[in-house]
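Here is what TrEMBL says about this protein:
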type	residues	note
ACT_SITE	110	active site, proton donor
ACT_SITE	182	active site, proton acceptor
BINDING	253, 254, 277	divalent metal cation binding site
BINDING	422, 462	(S)-malate binding site
DOMAIN	278-531	domain 'Malic enzyme NAD-binding'
């Protein structure tokens, strides 16, 4: 049982804001700057008279102006750059603009546009954002992290070493881009205060020759450090996190296949940590799959699944399916026997044991059952397995071709097809192609946004449906671990919110436009599960008990969520 405490969870989302700055210095700090929305009294109090035009405007006036400016930009990357510039000028305006135009701007601040921005990180660089930790100077880890505040100031830390980013591979120090983007979504989706997240890049070098040869590249100009020195660097970082911010949640992001699962397994028993590529991708996929199975009328016990692409995401999905069904009373081995993984060598077989990762090995198929079959042909694998579910995490465009999809549709009434690779250009198939080659029978979810096809809404299998809520729920409960039962509670909650729950023709996941309400409900599920199983370290806050019934707990969670609004300023 975790130790209980009445320790306050200091989110500071209401009331006046203490400000020790004034004049031009204040205008250059995005968390305090309000530009033309400073009132006459504030302009006088903070020595801003003469530094701003005479007009006194509202936040909505500023949002309207910013949206006009945004709309005048023709390219997605240009829009991304504009928004990043706004973020470092006026934090409240940035988040309010995103909140008001969430569905339109989501693909600009995250996949697929953010991957393009990360690819060009060193050439687009204007201002540093986040914490950069250098493997060649591990002695500065604690000092660098400590600069972000005390243990009372930080709730969430997102770290990446940039080896496998958004389907575009090794981006070296560009890892800070994905850590920062995920931090933005923690605030936008779940209401975590923007000043309470630390985006971190672990600069361990890069094996991307294009970056190493680029004279403008900003990271360490050597190949990736691996082995004992790498492990020591990561461990030093984790130990500093535990020392400086013992109540914070640690989020691993876009680590490479050799490290992602290994690091998660190493640290998850020791602190509240979470790997979005393993657990987040698995959880949101499982929620979409739960919706699809319900619509198709399939028993989970009978489900046959082929996962094309057995990297971090693919094995993470397999593991989440195994662990979730195990919580439903189905043995792990029974689930494993109904999952087939396909990667660059083809179907993963037991004879490949020495070439497989520890995450892949449990799913390797017996060679005896695959004699005389071309195990490198996806259509032949589909013909043999007759899967209900085909999931793509390969970044191999058009892999789900006509032959594969028509073969699948021969054997099951409602093929469940999830091409999840990012960005959009790397999808295994488009929804239109899937519907065409399955005669409209398929149930579809994709890794990036797509327009409706013949009136059918396409579910976007986006991790943002789960990780912000998991993070916020873990923060509020001060969970000492992120457990499989907490993830299972998230899967059930998200699946219950899908339009297909009420209408079989509806999307398999809810609309991203509702992400804030969804995140609050996910966080509530996490808080209640943490309280039930004893992983929560907080049962009351400032003398108020955390509600244990769902409706009151949801209301309480929403009260803790930061809102982009200009609160009163108090000079200190």
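Heads up, the Cβ atoms here are built off N, Cα and C, so glycines get one too.
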Between residue 110 (active site, proton donor) and residue 254 (divalent metal cation binding site), the C-alpha gap once rounded to whole angstrom: 14
Additional residues surrounding divalent metal cation, by Cβ distance to the 253, 254, 277 centre under 8 Å: 160, 164, 165, 178, 252, 255, 260, 275, 276, 312
Pairwise Cα distance for residue 422 ((S)-malate binding site)/residue 277 (divalent metal cation binding site) [Å, integer]: 12
Distance [Cα-Cα, Å, rounded] between residue 277 (divalent metal cation binding site) and residue 462 ((S)-malate binding site): 11
Close in space, distant in sequence - residue 253 (divalent metal cation binding site), Cβ under 8 Å, 6 or more apart: 158, 159, 160, 178, 179, 182, 275, 276, 277
List of residues, in chain order, with Cβ under 8 A from that of residue 254 (divalent metal cation binding site) and at least 6 apart: 160, 161, 162, 163, 164, 165, 166, 175, 178, 277
Arithmetic mean of per-residue pLDDT over the domain 'Malic enzyme NAD-binding' (278-531): 95
Other CB atoms, at most 10 A from the CB of residue 277 (divalent metal cation binding site): 26
Which same-chain residues, if any, lie at least 6 apart from residue 462 ((S)-malate binding site) yet have Cβ under 8 Å of it: 110, 111, 284, 447, 509, 512
Cβ packing number for the residue listed as 'active site, proton donor', 10 Å threshold: 25
Cβ packing number for the residue listed as 'active site, proton acceptor', 10 Å threshold: 27
